[in-house]
Each structure stands twice: as C-alpha cells, then as structure tokens.
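Undergrad: Would you mind keeping the following structure in view while I ask a few things?
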Amino acid sequence: MEPVDTLSVRGSSVILNCSAYSEPSPKIEWKKDGTFLNLVSDDRRQLLSDGSLLINSVVHSKHNKPDEGYYQCVATVESLGTIVSRTAKLTVAGLPRFASQPESSSVYAGNSAVLSCEVSADLVPFVRWEQDRQPLVVDDRVIKLPNGALAISNATEGDGGLYRCVIESGGPPKYSEEAELKILPDPEIPSNLVFLSQPSPLIKVIGQSAVLPCVASGVPTPVIRWTRNEEPLSPESSDRLMLLAGSNLEISDLMEEDAGTYACIADNGNETIEAQADLTVQASPEFLKKPANIYAHESMDIVFECEVTGKPMPTVKWVKNGDMVIPSDYFKIVKEHNLQVLGLVKSDEGFYQCIAENDVGNSQAGAQLIILDHDVAIPTLPPTSLTSATTDHLAPATTGPLPSAPRDVVASLVSTRFIKLTWRTPASDPHGDNLTYSVFYTKEGINRERIENTSHPGEMQVTIQNLMPETVYVFRVVAQNRHGSGERSLPLRVETQPEVQLPGPAPNIRAYATSPTSITVTWETPLSGNGEIQNYKLYYMEKGADNEQDVDVGSRSYTINGLKKYTEYSFRVVAYNKHGPGVSTQDVVVRTLSDVPSAAPQNLSLEVRNSKSIVIQWQPPPAGAQNGQITGYKIRYRKSSRKSDVTESVGGTQLFQLIEGLDRGTEYNFRVAALTVNGTGPATEWMSAETFESDLDETRVPEVPSSLHVRPLITSIVVSWTPPENQNIVVRGYAIGYGLGSPHAQTIKVDYKQRYYTIENLDPSSHYVITLKAFNNVGEGIPLYESAVTRPHSVPDPTPMMPPVGVQASILSHDTIRITWADNSLPKHQKITDSRYYTVRWKTNIPANTKYKTANATTLSYLVTGLKPNTLYEFSVMVTKGRRSSTWSMTAHGTTFELVPTSPPKDVTVVSKEGKPRTIIVNWQPPSEANGKVTGYIIYYSTDVNAEIHDWVIEPVVGNRLTHQIQELTLDTPYYFKIQARNSKGMGPMSEAVQFRTPKADSSDKMPNDQASGSSGKGSRLPETGSDYKPPISGSNSPHGSPTSSLDSNMLLVIIVSIGVLTIVVVVIIAVFCTRRTTSHQKKKRAACKSVNGSHKYKGNSKDVKPPDLWIHHERLELKPIDKSPDPNPIMTDTPIPRNSQDITPVDNSMDSSIHQRRNSYRGHESEDSMSTLAGRRGMRPKMMMPFDSQPPQQSVRNTPSTDTLPASSSQTCCTDHPDPEGATSSSYLASAQEEGSGPNLPTAHVRPSHPLKSFAVPAVPPPGPPTYDPALPSTPLLSQQAPNHHLHSVKTASIGTLGRSRPPMPVIVPSAPDVQETTRMLDDSESSYEPDELTKEMAHLEGLMKDLNAITTA
C-alpha cells in the first residue's frame, strides 16, 4: 500500500498509509520533501506498526506550515536493497477567509437566484449554507456551486429569507454576513436575459466529477441547454450527465473524451445568450509496461523496460535502492524511458524503480536485479517477487578438460569508436570448431568489465562497438566448450584512435503535437562528442514525402508551426559543434492533432421520396481537408419560406439520410457538415427540394409525355415537352436520346421540373432522331419520337489574322540565322497568352526550283539551322490561332557567313604546251563546295609524291582563274600536282595528286633553255628566241657559266643604237602624253611616268580605267589591244605572280588586324649570284613556306611609305631586250587590283630566309622620292632604256626551284580581263581616259619606229 494525496484541516489528525512485505521484514522510513524524518523524537508524528505515518494535530498557520508537503515511504531490506513509494501530497486547508460574501437581492417567482460566497478551493468542501440561521438542505432545486456560491432555481415564496454561508474547517465556524433574498411576483413586462453564474475553464482528472455552473435570469423564464464542441448534449440520455438545479451541468466519472468546449445557451423565446468554457481532462501517470526482475552475471549488459502514459505526458526518472540514477557511460536512458546498465558488477545488484510524474500526480514501479555467480545458471523465467539471490548451482552435464587460453589475441582493426579483435584457437583444441568465445573488456583503471560473445561456434573474431575515442581499453578472451569456460588470455591493452570531436546523437528526442498545426520536439544534450555544442539542426518531413526540411535551433526544444492537420511527420536532430555536424538521432514520428474539417462534404444530392420524406446523399470532404477521423455528419434543413426555423439531425458516418415528417408540397433547404472529435466543419451550400403535393404512385413507370416539340438550329436543337397526362404517377425526370438517324447514340437525363433542353454540338445540315421518356425509380416509360434536320452552316469563315510584322534575319554563323518578328495582334508587351503558333518558311533561289522549308514556333523568334554557307535565303512568317491563320509576312533576306572550302578543286588536268616541252598548263574546275567567293588557288608540285607538303614547290594563283602555266620544268620527268582553293575564311582541302611526265628533249628548245644572254643580274633573263637567234656580245655568262657566242661588232653596235633610239622614242611619247593630259588628271599622269621608273603601285581600291593591254609581237612589232571579253573564266596566262602587295592582300575594312606582320610578303633583294648560281646548285632544291592568313590586313599596303617593303612591280621589270619569237609578250600586264572591302583575303607567301631565293620579284633601285600611291592608270611599258653592260630585268615566277636542273629566269605574261561589273564601273567612274585619236596617232608613230628597227635588225 502506498500513500495518496490528502487534504486536511488545521488541528486534525492525518494518516498516510504505507505497507511493504518481504522476508525478512523490511525497515520502513518516511521522507518529507526528500529528507528522512526523525520520528523517534517527534511528539506529533509517529510510525505505526504497519508502516503508516500518523500526524497528530496538524499545524498550519500563515507563516508556519510544518506539516504541508510531499511525503514518501521508504522500505529497506538489508540483504536485498531499498524501494520507495510514490510521493503523496498533504494539503492543509487555509485559514477561513471569504473572498466575497452574499449580498441582498430579489428574484421573480419561477426565476433563478445566486448568492455568492467565494472561498479558496481548499475550503470549498468545508462550506455550508444557512437560511434564517438554520442549516439549509440542498436538493435538486437548491445546490452549492463549486466555488461555494448558492444557486436557487424556480424560486418560490418559501425561498425568501436571510442567508449566510459558514466555513467549518476544524476550528470554530466562521460566518459570513447575512443577505436577504426577496421573492417578487411574476411581472408582465419581459426583461433582458442575464447570466448570474457562468462556466469557467476547468481542469479535472479522469475518474473525478466536474460541475459546470450556469444560471440565467430573465422574463420570460429562460430554458438552459448545453453543447459540447457545438454538439447538443442530452443529459436525459446519459447516466453520467446531470443538470443540477435545472441548469448546472455535472459530469461524473470523467473520461478523456469528455474534454472540449462546453457552451451554456439560455433562450426565453425573445432572446438567446451563450457562455462558453473549456474542460480539460488530465490523466495521472499509468504504466503500460513495468520493469521486470532480472537475473544476470557480471560483465553482462541489461535493460529495464518502462513504458508510461498520461496527460500531460509524464516525465520518468530512475532510482536504485532509493537513490537517483544519474546517467553515465554505464547507466544510460534508452528508447525514451528504459534504463540500460552496461558491464554489470556485483554492486549493481538491488532494486530499480521507474518513477513517472506529471501535473496530476506520480506513480512508481520497481524491479530487482540479481547478480549470479558465473557458475550459477540463469533461470529461464525471471523472479516474480523480491527474493534473495538463488544459491542453486549449475550441475555440470559432463566433466572433462576445459580449453586453454586463446592464442595470439590481437587488435586487427582499431578505429575511434570500435576495435576488431582476432585470435587463434587454444593450444588444447587446435581445431576449435565447437568452441565459443567471450571477450571481456573494460576501460583502463575502471573495474567495471563488459562482455561480448561471438555469434556462432568456431568464430575467432569480434568487433567491439560504442567505444570512446582516445581511450585505453583492456581485453581478455575466454574460450568455452561443453564442459565450461577455460583460461583467460593475457590482457591486451589497446587505445582507440582520437577523432574530431563531433557530437553524438542527442538522447531522449521526443515529439508531441501541441495543436492541429504544430508539433514540439525536445531532446537532451548529447552524451558523446566533447566540445561545446554550438547549435542544433532539426530536420522534419511529412510521412511519405521526400522533401526534408530543416531549421536551426539554439536550445534543446523547438515548436514547428504551420504543419498540416492530422498528418504524420518524422523528426530527427543533429548537434553541431565547432568541428561540424554530429551523428543524427533516430527518426521519431508523431501526428498533428485533429481539427474540425476545413471543407464541406461533396456532391450533395436530394431525392424526393414522397409527400413527407426526402433522401439526402453526399460524399465525404476531400481527404486533405478532413483533418481527422470523420465521426458523423450534421444535417440542417429548413423550409424555404421560414429561414430562421432550422432543424438539426446528427447522423453516423453513413453518406445518406432519410428526412421524414415533412409537409406536403413544401420546398425545403438542406445543407450537410462533417464532424470530427474536435467539432463541426463548414457546411455545404443550401440545396432545395420540394415534397410532392400528394403521395403519387411509384409502383409502375410513368406514362408517355403528352407532347414533344423540336426547333432545329445550325449546331443545336431546342427540345420542349409537357409532362404525362396522368399526374398520379411519380415522374423523377426525363431521358432525352438523340443521334444521326437513331436516337440511341447519346442520352441525357434532366430533372422532373424541367420542360425544355438544348442539345448542343450537332453537325449542320444533318438529320437527327430524338426520343423523350419519363422515368422514376421503377424504370423508364414509353418514348415519344421526333426528328429534325439542323440548318445549313451559313457562318462565314473566320477572318484571317494579321500577319507578323518587322521580320528580321540576324546571321549568327555560316549555317544559322535567327528570325525575329512582332505580332500586332498581341498586347503591347508582346506576351503570348493563348494557343497561337507561328510558321516560319525559308528557301534559297539557287537553284531556282528550291522548295520552301517550314518550322513552327510558339515564341516571337526562331533559330534556323542547317543552312548552306555563303547563301542568300529569304524568310517569311505566318501566325495561326485555332482555325484562323494570317497570310505570309513580308520577306526578310539574309546571307549566311562564308566558310572555308570543304571540297578541293575538281577535274584537275595537266597538259604540255605545244611547242614548249618545258612548259605545262594546269587546268581545273572550282570546288563544288566553295562556301564563298574563291579568291585564289595554290598549286603544289613535286617530283616526289610522298614528300612533306612543305617541301613541294608552290605556285599561287590570284583570283578565280582556272588555268595556269608553269615553265622551265625538267624534261622527261614525272611531276605531281595538287591544287588548293582559298576564300576569305581560309584554305580548303587539297585535291588528289595528278601525275604528269614532261616530254623528252628535242632540238628546238635546247638553245633557248640552256643558254641565256647577259649576266644573271637581279632575277632577269632573256626571252626565248628562235633557233637562229644569236645573243649579243656582252661578255656575260649564261646561267651555266659557259661563254656566249661572239657577235659581229657592227651588229652589236646596231642593236645597241636601236635599243637606245627605241628607249628615247618611248620616253618622248610618254612625255607627250603627260603634257597633253587635262589638269584634272595630272596626278595620274605623274603616276604613269613614275611607273616607267619602277615606282608605280596599284591601290587596292583603284577604280581607274585600265588602258588597252599592249602586246609586242616580235615579228611584226605591232601593238594590239587585249581582248576585254567579260568571260568569267579568265584567259590562260603564263604566271599569276602579283606585281605588288595589292595583288596579294586585299583591303577589308570590316576586319581589324595589323598589316605589319604581313609586310615581308613577296619582298627582298636578290644578289647577283641568286640567279647566276642557281643552276650550279643542282643538289639543292629551293623550298618556300607560304602561310596564308585568314585575317585581312588593317590597312592597305599602299599606305606604307617604305619602298624597301614594297614588292617589285611591273614597272621595275617592264621591258626586255628581245621580242619573243613565239609570239608571247615580253612584258606582263599588271593584274587589276581588287576593290577595297569586297575582295577576300588572298594568300600571302613567306619565303624561308635561309634560302638564297628571297622573293617572287626583284625590286628595282628605289626612286629618289617617296613612292606615289595616287590612283593611276595601269602602265604597260614597252621598252626600258639600259646601258650595254647592265643586266636585263623581268618579273620571274614565284620562287620555284628547278628540281634538279637549272632554270634561267623567264618573263611572265599575265593578260587578264576584269569582270563585266568591274569594267563597267571603271568606265563609268573614270575621270580620265586616252582620247582615241591621240592614242591611235601615237600608236601609228610607234609602229613605224618598230618597223624601222625591225628592218635594221634583219639587215
């Protein structure tokens, strides 16, 4: 028996019961407020024989309360241990004192009255009332309220008098002041309703009784009714509910479900008033699982289980032999309330008690731990009572040798918190298949040893978990066989590794719901993990979801708000210190509290059964809005004409209800709300139904409707009807069937009140059959048929949409163009909010029959990809929305960027030039995928097809010419040729090598190829002559170094004189031209004059008219204009060597790059031995490296003033000594410069500086003044005046080696006609030209001089 909470009064005696049984008998002691009482010398307090405590004459005053407090009984058995009882509270009622006293008042007969007498709660039990100084007897009409006041209901004349309250608490009674109560006759004038006493918040314990006062007064006399959570209470139908004095609610034997909000409603027909109060029902701690007695051996680990419940949730503490158990490394609280003891020692034996406590009270449950010797068997069943340790020894089943100590015990793996041990079998049992092992371990310096057993026989390793970092442990291993445990191994001392001191899991994590939308989580400071905890992170997640949320917490508890109602959540906690996050706790799961539903039931429907009943049906609220278990449904209904008169009906969880007892032919409104234990949720909207005027027949189907009319429209038919003639049969609705040619395609049901319906979404000009049937619960009646033809479709097509505007094409790359546009039918912000889409189409006009390609887009732009490089495309856009489309927009054009050629030149052929076996002609066709305007070609040739490409000889071809001559090749030698195309983006791939063998030598070309007159000079050589030609006597050597044949001195003199005369004539002619030019063209005249002296340059953007190219025929010595045919295919020429940098590098203003890195192109001075010794170097093949830049120069070469950087122009090598007997020209025509900004980048050749052959052309001696770059006509000098001992000058080909044999320098001939557009532009823009008559006159004069010179030479 344990003591219970007791209320006493001053001066009375109190007995606190306590009894304990044991063998031997226990010693009983008492504690007050945690301190043992010394009862030996106490006069007022004494211990009774059964162990109870008697307190005589309780002392209690304002400043001295020695007896009030908490008492606990302690029972001790010397050989076993100690147990403690629950804590009992002794409360002593205070001194009699009135907080308020009764006052005189009056009450109308039949009404209620309240006389106050407010005292402290402890004194209420000691309060009684007197009427006219006589004890008042309470009955069902007169009661004492919980606060001590007196309530009188249905007052009568006998209730009048003088009243006073009396406190009798052990001493002399204390009386209040007297108050007179007058009874007044019932008045005729109504008075307002007022509460004389209202319910107040109340906290009670399960099993107790609760009284909720409610007294109201008014005229007429009010009627009191009660609700709990808005649910009406009916005291008549419950044996636990009672109305005291007609209006005060008493609830006996309280249960947890009695908690809630109670409302007292007073209604007298004229007025209604209401008062509310919450009743909280608490529960004292109760054990769901009590700890059980345990037998164990030393070193074992044991767990005492303890599971409690209560409201509020109790806290749990453990005591051992009456002393509080403090958690440590070996005493741990696990799984909320269980006590775990690790590594048992003998001193752990005793009584362990689990004490649960909350606001209501406390309770305890205990168990005994008995430590047995190792040779004593642990009983199968635990002890059931407090007994001494058993002394029954385990009788060995067999006797035999015990195993020796395990060998070679080592720690094979050492970590921060675990150690893995391995060993070998004992020497006494080498196989050890049937041996089991126990590992005993302890912290060094601590005598509490723990044990870990292997999991199966023969296993010789074990992992010890949950160790502390940087701690020394001592291990011993023992083997057991069927005879028992053997010897222990020698102690093994192992220290765990240190670790970053991260926190361990926070213990005792608990979560409990505090409201329907909030949960509070609490935990304790982690036991492991040294270092100060900085903060915690609380993780939570809705059960079944995968989006975990977290919140930082600075304390050891946190309340999470805003959760879903009646939903399960999981929680875990991670502690953080300065090293980072620690170990997470296990998840705890808790559900938020339920609440009233947050949504109304769904799909409410009404069905009129007869003249007095209607069936109402519904579906539950959505699952996410139920907020708890639906416990029922509240149905409210009223007549439509009297909206204030509402009737309620509470049903169960079924989803329908039959409402009976209604009036005939009356319309009613209905609404339904769902209920949970928390109250009523929102109701549906009102829905109406009308009862029948009379009880109609529903034993048969309705008759046929009396009429059916149809009115066809274009896409709909309006159907109207009248009900059946027999009105005595129930009609619950009408079924309309319709279809094309058959009424059974579709069926629609309508309400019985409906008289027309429109069938929508029909086809125009179509024949439909329509049927109408009335139906009720028995079935469908006889159908009525009609047919109708919908009207033809006369609606015009939808107006087309406006086409997109502002279509723009933005070129992004060689194959991508972005198309953008605007849509004027969109709002100003151009945001698309409907289902419109755009169609983009595009095509190119090459070839002309190309088809459009289209693509759809939902935005105002589209990226067109996969286009061809350097191709002009046209684009247009249209918009479509539903069935409406626009016309195509205005077109936008865009040309894709160029790309390097992706295919080589094709149809490469090599042929020998007729009559010149050392000269070949290379022909080809442009690449099929040029990807841009071809700006030049590079011809590679070599005698070794396998040579590295940089060892091949290079011939650059400027422009888009498709043929080229290569001279001075070795006879009877195979050559290999490759061609590479170039555009503004770079070089394309090379063609396949084409082989060509030069023909064998013949007598016609030996002399002109093997001999050359004059010294080698600066790259000059004599032109080829006929076989009878004899070089002049100048004493110079041929390129081979052999002496030239002697010439007659007279002939030599004649030739020299002729050359001098011819030179003077040319100078005179040009001087005449210069003087006869108009003033506006003087600059161009000076430029023409300077071109004779070798200083003329072309500008890249020169648009001057080219004069007719002059050909000097060596036989007739007549001048002929070059054909200016606009044929796009250039005329075959001997060599493509450019005369200046304009021919090599066109100007492109759109690019920005430095020209200075390009200035060394085609430049350099050749020494005199450069050519004369070329033939002697047979073993060395000249090489040339020609990197071609893709970047155009920043500025034209014409702006560079240094003449040293300028390549040799045709004006420097403008003449030869001898005409070409084969009809080839002896001087070359300058290639026209390309227009600035339009010409693509041409290849720029760089010569290896180590080779003596430095450049393509030999520059002349710089003129005295700076070079002039003014636009000038291209000069075509005829002859240049030279001294007899000067070397002859001519432009040579581009640094081509002779591949094993010498090759004298040769003149080049470059006749090339400009494009038609360029020629036309030059003619249109030209500001100067030669007058035809002047030019003809001068030409005729010059031709006469040539004829004279020819006559002299032939003589």
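Cβ from N, Cα, C; glycine included.
Curation does not apply to TrEMBL; its annotations are automatic.
Copying in the features that TrEMBL gives for the protein in this structure:
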COMPBIAS  999-1008  compositional bias 'Basic and acidic residues'
COMPBIAS  1034-1045  compositional bias 'Polar residues'
COMPBIAS  1138-1154  compositional bias 'Polar residues'
COMPBIAS  1191-1215  compositional bias 'Polar residues'
COMPBIAS  1260-1269  compositional bias 'Pro residues'
DOMAIN    1-91  domain 'Ig-like'
DOMAIN    96-182  domain 'Ig-like'
DOMAIN    187-280  domain 'Ig-like'
DOMAIN    285-370  domain 'Ig-like'
DOMAIN    405-499  domain 'Fibronectin type-III'
DOMAIN    505-595  domain 'Fibronectin type-III'
DOMAIN    600-694  domain 'Fibronectin type-III'
DOMAIN    704-797  domain 'Fibronectin type-III'
DOMAIN    803-899  domain 'Fibronectin type-III'
DOMAIN    904-1001  domain 'Fibronectin type-III'
REGION    988-1045  region 'Disordered'
REGION    1081-1107  region 'Disordered'
REGION    1121-1281  region 'Disordered'
TRANSMEM  1051-1075  transmembrane segment
Undergrad: Is the number of Cβ-Cβ pairs under 8 Å between the domain 'Ig-like' (1-91) and the domain 'Fibronectin type-III' (505-595) three or more, considering only pairs separated by 6 or more positions?
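TA: Between the domain 'Ig-like' (1-91) and the domain 'Fibronectin type-III' (505-595), contact is absent.
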Undergrad: Would you mind splitting the domain 'Fibronectin type-III' (600-694) into helix, strand and coil residue counts from DSSP?
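TA: The domain 'Fibronectin type-III' (600-694) comes out at 3 helix, 49 strand, 43 coil.
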Undergrad: What are the DSSP helix, strand and coil residue counts for the domain 'Fibronectin type-III' (904-1001)?
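TA: Reading the DSSP string over the domain 'Fibronectin type-III' (904-1001) gives 3 helix, 54 strand, 41 coil.
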Undergrad: Are there three or more C-beta pairs under 8 angstroms joining the domain 'Fibronectin type-III' (600-694) and the domain 'Fibronectin type-III' (405-499), sequence spacing 6 or more?
TA: no
Undergrad: With the domain 'Fibronectin type-III' (600-694) as the reference, which stretch in 187-280, 704-797, 803-899, 904-1001 has the largest tally of C-beta pairs below 8 Å?
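TA: Between the stretches 187-280, 704-797, 803-899, 904-1001, 187-280 has the largest tally.
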Undergrad: Kindly state the mean pLDDT of the domain 'Ig-like' (285-370) in the predicted structure.
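TA: Value for the domain 'Ig-like' (285-370), mean pLDDT as a whole number: 87.
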Undergrad: As a quick check of your reading of DSSP, tell me how many residues in the domain 'Fibronectin type-III' (505-595) are helical, how many are strand and how many are coil.
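TA: Residue counts for the domain 'Fibronectin type-III' (505-595) by secondary structure: 0 helix, 44 strand, 47 coil.
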Undergrad: Going by DSSP assignments with H, G and I as helix and E and B as strand, what are the residue counts for the domain 'Ig-like' (1-91)?
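TA: With helix first, then strand, then coil, the domain 'Ig-like' (1-91) has 0 helix, 40 strand, 51 coil.
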Undergrad: If you run through the domain 'Fibronectin type-III' (405-499) with DSSP, how many residues end up as helix, strand and coil?
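TA: The counts are 0 helix, 49 strand, 46 coil.
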